Amino acid sequence: MKLKQRVVLLAILLVIFIFTKVFLIDNLDTSAANREDQRAFHRMMTGLRVELAPKLDHTLQSPWEIAAQWVVPREVYPEETPELGAIMHAMATKKIIKADVGYKGTQLKALLILEGGQKVVFKPKRYSRDYVVEGEPYAGYDRHNAEVAAFHLDRILGFRRAPLVVGRFVNLRTEIKPVATEQLLSTFLTVGNNTCFYGKCYYCRETEPACADGDTMEGSVTLWLPDVWPLQKHRHPWGRTYREGKLARWEYDESYCDAVKKTSPYDSGPRLLDIIDTAVFDYLIGNADRHHYESFQDDEGASMLILLDNAKSIRVSTWNRLNYLKNGVLKSALKSAMAHDPISPVLSDPHLDAVDQRLLSVLATVKQCTDQFGVDTVLVEDRMPLSHL
């Protein structure tokens, strides 16, 4: 064989070797990442059912101290949470020592302080389980049971960005009124034989109170995040205008997404991917009203987007988790996660079926995008270490 032929052959072999090595490494990395996603999914499913228990046998800390220590820039609670049942039991049963009107917002809520000084937000029951709200997706009152379901969906999806939520029954006459501030107390009234209140909020009206069954009111309580983690509000880049007949820019401008990707904090870090995760989350729970979102203050785009008031490209880990949940697994997982909640059953079967159906729509939409633009463009690997953790 001539020298020139040998050089050409060696060059071809070298190219084949490099290509094969890169291909194998890429596939090994992908396979390892997928295996880790599978292991994380199985860990989640194994620890999904939470039994509310009063004791913390292995620690002298209060449930509030444990929950506060869980919070870090990229998660509200860790993957492994053996104390979760005890914390949720405390949220559902601890004595209420003060009750006040809720923080600013559009929906009725009350701010409660539980024994030990822990703040929680109480949202009252407005609808029966099988009631269907007609009209726009953002029509109607917040559903307290949706808050409970959304927290457990956050666990199932592996986001860990929603504050802890649990159902609770409160006696308005014996538990709330004796410790209520004058501002909250002034909104109480009686309708028939039922004790009611309408609170203070943008849409709160005396003519539209929330009423207990007699004195006992069903609701949800959401754990207040620690004061050492102050929140910062941001306008959602894909929010609606709230003006009749006026479209938001994203609804008509095909170049809008490119403009967002060049704007801080979406031009670097995980924030844009968090937005996409949240869009999936909101679609699954039927939330069309996330006009703002919160993150921790002074985070320079590094902290997570926090999923409060739960009533593009996509992460590979999110895509994998969504695929693991198809074929009825999501419905089964939600039922299992919420089985021991004090207000169980939290969701009716038609609502659970609707979540499963929405999951199929999400998967079909992402599949359409990968077919059109390619997997490498649509699915973003997100397992790189983040310097802010």
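Placed from the backbone N, Cα and C atoms, the Cβ positions cover glycine too.
Since we're looking at a predicted model, the values are computed, not measured.
Noted in TrEMBL for the protein shown:
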BINDING   GLN107, LYS123, THR222, LEU223, TRP224, LEU225, GLU294, ASP309  ATP binding site
BINDING   ASP142, ASP309  Mn(2+) binding site
DOMAIN    191-313  domain 'FAM20 C-terminal'
ACT_SITE  ASP289  active site
DOMAIN    314-378  domain 'FAM20 C-terminal'
Rounded Cα-Cα span from LEU223 (ATP binding site) to ASP142 (Mn(2+) binding site), Å: 17
DSSP residue counts for the domain 'FAM20 C-terminal' (191-313), split into helix, strand and coil: 24 helix, 27 strand, 72 coil
Greatest C-beta neighbour count within 10 angstroms, which of the binding-site residues LEU223, LEU225: LEU223
Those residues of the chain, 6+ apart, with a Cβ under 8 Å from that of TRP224 (ATP binding site): GLN118, LYS119, VAL120, VAL121, PRO163
Residue counts (helix, strand, coil, in that order) that DSSP gives for the domain 'FAM20 C-terminal' (314-378): 47 helix, 2 strand, 16 coil
Pairwise CA distance, GLN107 (ATP binding site) versus ASP289 (active site), rounded so that it is a whole Å: 12
Sequence-distant neighbours of THR222 (ATP binding site) in its chain (C-beta under 8 A, six or more apart): VAL120, VAL121, LYS123, GLU147, PRO163, LEU164, VAL165
Whole-number mean of pLDDT values that fall within the domain 'FAM20 C-terminal' (314-378): 93
